[in-house]
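Peer 1: So Swiss-Prot lists the following for this protein:
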{"type": "BINDING", "residues": "HIS83, HIS182", "note": "heme b b562 binding site"}
{"type": "BINDING", "residues": "HIS97, HIS196", "note": "heme b b566 binding site"}
{"type": "BINDING", "residues": "HIS201", "note": "ubiquinone binding site"}
{"type": "TRANSMEM", "residues": "33-53", "note": "transmembrane segment"}
{"type": "TRANSMEM", "residues": "77-98", "note": "transmembrane segment"}
{"type": "TRANSMEM", "residues": "113-133", "note": "transmembrane segment"}
{"type": "TRANSMEM", "residues": "178-198", "note": "transmembrane segment"}
{"type": "TRANSMEM", "residues": "226-246", "note": "transmembrane segment"}
{"type": "TRANSMEM", "residues": "288-308", "note": "transmembrane segment"}
{"type": "TRANSMEM", "residues": "320-340", "note": "transmembrane segment"}
{"type": "TRANSMEM", "residues": "347-367", "note": "transmembrane segment"}
Amino acid sequence: MTNLRKSHPILKIINHSFIDLPTPSNISAWWNFGSLLGICLIIQVLTGLFLAMHYTSDTLTAFSSVAHICRDVNHGWLLRNLHANGASMFFMCLFLHVGRGIYYGSYLYKETWNIGVILLLTVMATAFVGYVLPWGQMSFWGATVITNLLSAIPYIGTTLAEWIWGGFAVDKATLTRFFGFHFILPFIITALAMVHLLFLHETGSNNPSGINPDADKIPFHPYYTIKDALGLMFLLLALLLLALFSPDLLGDPDNFSPANPLNTPPHIKPEWYFLFAYAILRSIPNKLGGVLALLASILILLIIPLLHTANQRSMMFRPISQTLFWILTANLITLTWIGGQPVEQPFIIIGQLAPMLYFLLILVLMPFAGLFENYMLKPKW
């Protein structure tokens with residue numbers, strides 16, 4: 001008799017995805033982040049669901065309802081801290097996952113990569129609307145500044161911004177619809193993640209060498225289930241340390257004050273995971289130019305497969321590309337730092353040079369490095 005997990009219609013899918021899946025034998029810890037992102041999503045959906053049971057999406061009571069969750073609801077403080085810091089862990093894993101994809105050439109699985117970029121955009125949208133919900137000062141002003149960017153679109157901009165707001169400014173209608181979006185988007189993310197996996201399993205995983213691994217594969221379970229479990233332990237340790245010992249470390253002190261449309265905070269800035277994009281947005285004095293640069297900074301990921309010029313897939317044996325990759329990493333960290341600084345010298349000039357280097361590296365230097373490495377590998381005799 002056939003094993004049930006191989007014959008049952010539902011168990012068969014799970015078996016082919018997580019148990020008997022043929023996996024390259026040499027994938028490193030950099031391949032752990034996919035499963036960690038899945039765990040992050042589950043944590044966020046569960047904590048978010050329980051928070052939504054006690055939250056009210058009304059401008060008069062939203063701030064109080066969050067305080068009520070932290071003070072009066074059983075373990076409400078823990079749910080809130082896990083949810084807020086879980087978002088940070090989510091983005092940390094996301095950035096490392098995307099970085100891994102760029103370094104090892106995983107973007108050559110174009111469908112998987114493109115759905116991944118759409119996933120990244122959807123998660124960013126979810127985090128943005130979620131940040132507005134506590135209705136603190138930075139929630140309100142962050143929403144005002146970012147939604148206002150829509151008004152930079154020629155001709156239809158102002159109408160579009162007012163349509164999103166549901167009025168002439170960020171108000172009750174905006175908060176209510178943002179809560180609706182924040183509730184539905186994680187389920188869309190879950191569906192997209194399944195499609196992401198579906199396309200990944202069509203081709204199989206890439207591996208650090210970038211060479212076709214078909215000749216040497218092992219079953220996912222128990223080898224990689226145990227490896228993912230170790231990664232999960234580290235993730236949970238980091239999340240619990242953050243949520244239990246310094247839950248407000250990554251938050252903004254302005255969010256302890258209820259939203260006040262008559263009082264603007266001295267420095268409006270988003271959460272740390274958006275600072276790199278915010279720095280690129282601020283680096284261009286023109287409003288529309290800034291918005292386009294902001295979009296380009298993320299959407300540029302979609303054209304990375306077209307910019308691959310090297311004969312080798314992975315950067316493992318390409319030292320020049322490796323150097324440029326780590327310069328790009330340092331550049332993104334610099335952008336994150338600049339995004340959190342006030343608009344004054346020397347931050348202005350650094351904030352203008354860093355985005356230029358960002359686009360130069362991806363669009364020009366890295367493709368040229370690939371061509372140069374091809375040339376260097378050709379026999380010269």
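Cβ coordinates come from backbone N, Cα and C, glycine included.
For the listed features, I'd like the structural context: burial, neighbours, distances.
Peer 2: Here the Cβ of HIS83 (heme b b562 binding site) has 21 other Cβ atoms within 10 Å, regardless of which shown protein chain they belong to.
Within 10 Å of the C-beta of HIS196 (heme b b566 binding site) there are 21 other C-beta atoms, taking all protein chains into account.
Under the DSSP three-state reduction, HIS201 (ubiquinone binding site) is assigned to helix. Listed in sequence order, HIS16, SER17, LEU21 are the same-chain residues at least 6 apart in sequence whose CB falls under 8 Å from the CB of HIS201 (ubiquinone binding site).
Below 8 angstroms of C-beta separation, residues 69, 76, 79-80, 82-83, 86-87, 89-90, 93-94, 96-97, 100, 182-183, 186-187, 189-190, 193, 228, 231-232, 235, 239 of the same chain, each at least six residues beyond the ends of the transmembrane segment (33-53), sit close to that stretch.
If you look at the transmembrane segment (113-133), the same-chain residues 6 or more away from its ends with a CB under 8 A from one of its CBs are 55, 57, 62, 66, 87, 90-91, 94, 97-98, 101, 106-107, 139-140, 142-143, 146, 170, 174-175, 178-179, 181-182, 185-186, 188-189, 192-193, 195-196, 199, 270-271, 273-274, 298-299, 301-302, 304-305.
Remote same-chain residues near the transmembrane segment (226-246) are listed as 29, 32-33, 35-36, 39-40, 43, 78, 81-82, 84-86, 88-89, 93 (criterion: CB distance under 8 Å, separation of at least six residues from the stretch ends).
Long-range Cβ contacts of the transmembrane segment (288-308) within its own chain (Cβ-Cβ under 8 Å, at least 6 residues beyond either end) map to 98, 102, 105, 107-108, 110, 113-114, 117, 120-121, 124, 149, 152-154, 276-277, 280-282, 355, 358-359, 362-363, 366-367, 370.
Sequence-remote contacts of a segment are chain residues at least 6 beyond its ends whose Cβ falls under 8 Å from one of its Cβ atoms, and for the transmembrane segment (320-340) they are 95, 99, 102-103, 269-270, 272, 274-280, 282, 310, 347, 350-351, 354-355, 357-358, 361-362, 365-366, 369-370, 372-373.
Non-local neighbours of the transmembrane segment (347-367) in the same chain are 279-280, 282-284, 293, 296-297, 300, 304, 307-309, 321, 324-325, 327-328, 331-332, 334-335, 338-339, 341; each lies 6+ residues outside the stretch with a CB under 8 Å from one of its CB atoms.
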Peer 1: With every protein chain in view, what's the tally of Cβ atoms within 10 Å of the Cβ of HIS97 (heme b b566 binding site), excluding that atom itself?
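Peer 2: If we count other Cβ atoms within 10 Å of HIS97 (heme b b566 binding site), we arrive at 20.
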